[in-house]
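Q: Below are the C-alpha cells for one structure; questions will follow.
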Amino acid sequence: MLDWVKSKPWLGVLGCFSSAVAVGAAFGLTVYCGLEFIGLNLAAPFLMLGIGMDDTFVLLAAWRRTDDRLSVPERLAHTYADAGVSITITSLTNFISFWIGVITPFPCVRIFCIYTAMSVLFTYIYHVTFFGGCMALSGYAEQRNLHSFICVPTMPKSLAQERGGCFMLFCTGGRNPLDPDNPIDNQENMMMKFFRDKLGVFLSKKPVKFIIIVSFLVYLGIGLWGCTQVKEGLERFKMARYDSYSLDYYDLEDKYFRKYPYRIQVVINQTLDYSDPKVQDEIEDLLYRLESNRLMAGPRFTESWLRIYHRFLKDSRTQVFLQGYNMSKKEDFYKGIHQVFFRLSQNYFQQDIKFNEDFTEITAARFVLQTENIMDANDEKNMLLELRAIAANSTLPVVVFNQLFVLFDQFLLIKETSIQAVGVATAVMMLISFIFIPIPSCALWVAFSIFSIEIGVVGYMSWWNVNLDAISMINLILCIGFSVDYSAHITYAYISSEQKDPDIRMKNALHSLGLPIAQGSVSTLLGIVILNAAPSYIFTVFFKTVFLVILFAAVHGLLLLPVLLSMTDGWCSGAKKGGDATTEKEGSPPFYITSQHDDILANKDGKISVPTYKTLADPHFPAIMEEPKYKTAATWTDNADLDQGIGTSGESSDGSWRGGNDEIIDHGNQLHGSSSQLTSVGQPHESPRSREREDHVNPGFVDDDGIRASDRSQMKAYHQSNMDGKLNYTERWDDLHAQQGPPTKNHSGGKDLQNRRNSEPDSPLSRYMARLNSGYVREFQMPL
C-alpha cells in the first residue's frame with residue numbers, strides 16, 4: 001500500500017528538472033566555446049532525460065535501503081556509498097562512448113557527440129550535487145513524518161485503521177512513534193518484493209534457466225542473420241520531412257526516372273595546355289573510359305566543350321570567323337574560344353571553362369557525363385567506386401563529382417567507421433568494467449552483454465527498415481554506453497552480496513536493483529517516444545535504435561545476466577563472505593522480530609534457523625547476547641522498503657534489520673543453527689556496519705517517549721541485575737528452553753516489576769521484561 005511519507009513524487013520531478021538544467025548548462029558552455037549548433041543536437045535532451053532518470057531511480061533505491069532511524073546526513077552518506085559506484089560507472093561509460101564518437105570523419109556525428117558528452121558530464125554533476133540536496137530536504141521531511149506531496153503532518157496507517165478508505169489511501173504514511181515495529185506501518189515494497197520473491201524464484205529454477213539460455217541463442221542467431229542483411233548509407237529521400245513535397249518528388253523520380261538519374265561532373269582542376277594534341281588525347285581517353293563504364297550512358301549524353309570546339313573549328317561555315325587564328329598556338333587557341341566560340345551559339349559552355357584574368361591560361365575545365373540504370377544504393381556505391389578508380393588511374397589531375405556524392409560517401413566509410421568506433425568503445429567499456437568490477441569473469445560477462453546487445457541492435461534494426469548510416473552509427477555508439485548501464489548495475493550488486501548460495505545472491509541483486517532498472521528503462525522509453533512522432537527520419541531512427549538498446553539492455557540485466565552469473569558463480573566468487581554468514585535456500589535474509597509481533601513469524605517452509613548463544617566482550621557493555629535470526633520470506637522488517645539483504649556498495653545491510661543494528665552495538669555475531677542441526681558454527685565476526693555509540697538510542701523494543709519517568713529507575717535496576725552475573729549461555733537454544741526453561745535470576749526490585757508487568761501487560765516496560773526473560777533479546781545498555 002502507498003506510504004505518503006516514504007514516497008518521493010517531487011524527487012521524480014526534480015530528477016527531470018536536474019537533467020534539463022544540466023543539458024542547458026552543457027549546451028551553453030559548448031556554444032560559448034565556439035562549437036556550431038546543429039539540429040541533430042535536439043535529440044540530446046531526450047537522451048539525457050533517460051540517463052538522468054536512471055540515476056534518479058538508482059539513488060532513490062539506495063536511499064530506500066538505508067535505515068530510517070539514522071540521521072539524514074548518515075542516510076545520505078550510505079546512499080552515495082551504495083549507489084555512487086553504479087552511477088559513476090554508467091556516467092563514465094556514456095561520457096567516454098560519446099567522446100569516442102568524435103573520432104568519426106562525419107562532422108554531424110562529431111558535433112552531436114561533443115554536445116551529448118558534455119550533457120552526460122553535467123547531468124552526473126547535477127545529480128550528485130543538486131539532486132543530492134533535494135534528497136536531503138526530502139529526508140528531513142520524512143524524518144518529521146510529513147506528507148511527501150503536500151508537506152503536512154501525516155497519520156501512520158496503524159493509527160488510521162478506523163478512517164475511511166480514501167483517507168487511508170491518500171493521507172497516511174510513516175510510522176507510529178509509540179509502536180514503530182508494528183507490521184501495518186512496515187509493509188514491504190511490493191515491486192521490490194516481486195523482483196526477489198517472484199522473478200528471483202522463477203529464475204532460480206533449472207528449467208527456466210535452460211529456457212532463457214535457449215531463447216538467448218535464438219535471439220543471437222536472428223541478430224547475426226540480421227547483421228548480414230544490413231543496408232548501408234543514408235538515402236536522399238530520408239533527408240526530407242515526412243510532410244514535405246520533396247518527398248513526393250523523390251518518390252516519383254525514383255519511380256519514373258531511375259534509368260538516367262545522375263549527371264557526373266569530371267573536373268580538371270589544374271592548369272593545362274589544352275592546345276597540345278597530347279593533352280587533348282589524354283582527355284578523350286579519360287572520357288572514353290568513363291563513358292564505357294557499365295553504369296554510364298555513353299557518349300551520346302556527354303557534354304564536352306573540347307569535342308564541340310573541335311567540331312566548331314572544322315566546320316566550313318565558321319572558317320570566316322577564324323581567319324587570322326593559328327590554332328596550333330596556345331594563345332590563338334584560347335582566343336578562338338573566348339572571342340569566337342563563346343560569342344556564337346555555344347556560349348553555355350562558358351560555365352565549363354575557367355580562364356585566368358587575361359585569358360592566357362585555362363585554370364580549370366569541366367566535362368559532364370550521364371549515368372544509366374542506377375536502381376538502388378548498392379549501384380550508387382559501385383558507381384562511385386568505379387568512377388573514382390578510373391579517375392585515379394588517369395595521368396590528368398581530375399575529380400569526378402555529383403552533389404549527392406556527399407551521401408554516397410557514407411556507403412564507403414560507414415561500415416569501416418562504425419566497426420572502428422564500436423570496437424574502440426567496446427574495448428574501453430571492458431577496461432572500465434575491469435576497473436570497477438574487479439572480478440575478471442564477471443567483467444567478461446558484462447563485456448559479453450555489450451557485444452550481445454550490439455549484435456541485437458544492428459541485426460534487428462535491419463528488420464525495422466533502418467540502414468547503417470551516420471544517424472544509426474551515432475546510436476550504435478550510444479548503444480555501447482547504455483548497454484553497460486544495466487549490466488554493470490546487476491553484476492556489481494551480485495558480486496557485492498555476501499550470501500554463498502548463488503540463487504540467493506541473484507535474488508538479492510534483483511531485489512536491490514531490479515526495480516531501478518525497470519523504472520530507468522521505462523522512463524527512458526517514455527522520454528524518447530516523442531521522437532517517433534517527429535516527421536523526420538533522423539528522429540525516427542533515434543527512437544527505433546534507442547528503443548532496441550533499452551529493451552535488450554533491460555532484458556539482459558533482468559533475465560540473462562542474473563542467470564549467467566548464478567550458473568557460473570564459482571567464477572564470480574569475489575564477494576565478501578564471512579565464515580558464518582547465513583546461507584538461505586529460500587526466502588529473505590534473517591530479521592529481528594519483536595515480541596509484541598510474534599504473530600507475524602509465519603514461515604513459508606515451516607523451518608527456522610536458531611543461533612547458539614554466546615557472550616561477546618565489549619568495551620562499553622558487560623554482555624551482548626545475539627537474538628535468533630529467523631529464516632523466512634514472510635517476516636516483516638523494521639522498514640518495509642529497506643534492502644532485504646545486500647546493497648550495491650558491498651556493505652552488509654545490517655542497518656536495515658530489525659532491532660536497529662546501527663543503534664545497538666552490533667558486532668555481527670552470525671552464529672547460527674537450524675531446527676535439524678543445532679550445533680555451534682564458526683566464530684563471531686564483526687559486521688561491516690558495526691558502530692559503537694555512547695549516546696545509544698533505543699532500537700525499538702522500548703520507545704523512549706512511551707516509557708513513564710517512574711518506570712526508568714525500575715527498568716534500569718532490572719536490567720542491571722541481569723548484567724551482574726554476566727550471563728554466559730553456551731548451550732544450544734532449544735536445549736536451554738527444553739531443559740532449563742527461560743533464563744531467570746533473582747533481581748533486585750524484580751517483584752515490583754513483575755507486578756507492574758502483570759497489571760500492564762501491553763506497556764513498553766512489560767514488553768521489555770518479557771523479551772529479556774524469554775531469551776529473545778540480546779542485552780544492551782539503555783539510556784536510563
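Cβ atoms are placed via backbone N, Cα and C, with glycine included.
Copying in the features that TrEMBL gives for the protein in this structure:
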- 671-682: compositional bias 'Polar residues' (COMPBIAS)
- 1-137: domain 'SSD' (DOMAIN)
- 640-719: region 'Disordered' (REGION)
- 736-767: region 'Disordered' (REGION)
- 12-35: transmembrane segment (TRANSMEM)
- 42-63: transmembrane segment (TRANSMEM)
- 83-102: transmembrane segment (TRANSMEM)
- 114-138: transmembrane segment (TRANSMEM)
- 208-228: transmembrane segment (TRANSMEM)
- 390-413: transmembrane segment (TRANSMEM)
- 419-437: transmembrane segment (TRANSMEM)
- 444-464: transmembrane segment (TRANSMEM)
- 470-488: transmembrane segment (TRANSMEM)
- 509-531: transmembrane segment (TRANSMEM)
- 537-561: transmembrane segment (TRANSMEM)
Q: Which residues of the same chain, at least 6 past either end of the transmembrane segment (42-63), have a Cβ under 8 Å from a Cβ in it?
A: 8, 11-12, 15-16, 18-20, 22-23, 27, 75-76, 78-80, 82-83, 86-87, 90-91, 94, 112, 115-116, 119-120, 123-124, 126-127, 131-132, 135, 139, 478, 485, 489, 512-513, 515-516, 519-520, 523-525, 527-528, 530-531, 538-539, 542, 546, 550, 647-649
Q: Where among 114-138, 390-413, 470-488, 509-531 do we find the most Cβ pairs under 8 Å to the transmembrane segment (444-464)?
A: 470-488
Q: For the transmembrane segment (537-561), find every same-chain residue at least 6 residues outside the stretch whose CB is under 8 Å from a CB in it, and list them.
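A: Tertiary neighbours of the transmembrane segment (537-561) are 40, 43, 46-47, 50, 195, 199, 203, 212, 216, 238-239, 242, 445-446, 449, 452-453, 456-457, 460-461, 464, 466, 469, 471-472, 475-476, 478-479, 482-483, 485-487, 489-491, 510, 514, 517-518, 521, 524-525, 528-529, 531.
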Q: In the same chain, which residue numbers or ranges, 6 or more beyond the ends of the transmembrane segment (470-488), come under 8 angstroms Cβ to Cβ?
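A: Residues packing against the transmembrane segment (470-488) from afar: 40, 47, 54, 86, 89-90, 93-98, 100-101, 104, 106, 108-109, 112-113, 116, 120, 234, 410, 414, 417-418, 421-422, 425-426, 429, 432-433, 436-437, 445-446, 449-450, 453-454, 457-458, 461, 517, 520-521, 537-538, 541-542, 545-546, 549-550, 552-554, 556-558, 561.
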Q: So which residues does the transmembrane segment (390-413) touch in its own chain, when a touch means Cβ under 8 Å and the partner is 6 or more beyond its ends?
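A: Residues 105-106, 232-236, 239, 262-270, 272, 282-283, 285-286, 289-290, 293, 377, 380-381, 383-384, 469-470 contact the transmembrane segment (390-413) from elsewhere in the chain.
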Q: Can you work out the mean pLDDT of the predicted model over the domain 'SSD' (1-137)?
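A: Overall, the domain 'SSD' (1-137) comes to a mean pLDDT of 88.
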Q: Would you mind listing the long-range same-chain contacts of the transmembrane segment (83-102), meaning Cβ under 8 Å and 6+ residues beyond its ends?
A: 51, 54-55, 58-59, 61-62, 109-110, 112-114, 116-117, 120-121, 123-124, 127-128, 421, 424-425, 428-429, 432-433, 436, 474, 477-478, 480-482, 484-485, 488-489, 492, 513, 648-649
Q: Just to be sure I understand, if DSSP states are collapsed into helix, strand and coil, how many residues of the domain 'SSD' (1-137) fall in each?
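A: Taking each residue of the domain 'SSD' (1-137) in turn, the totals are 113 helix, 0 strand, 24 coil.
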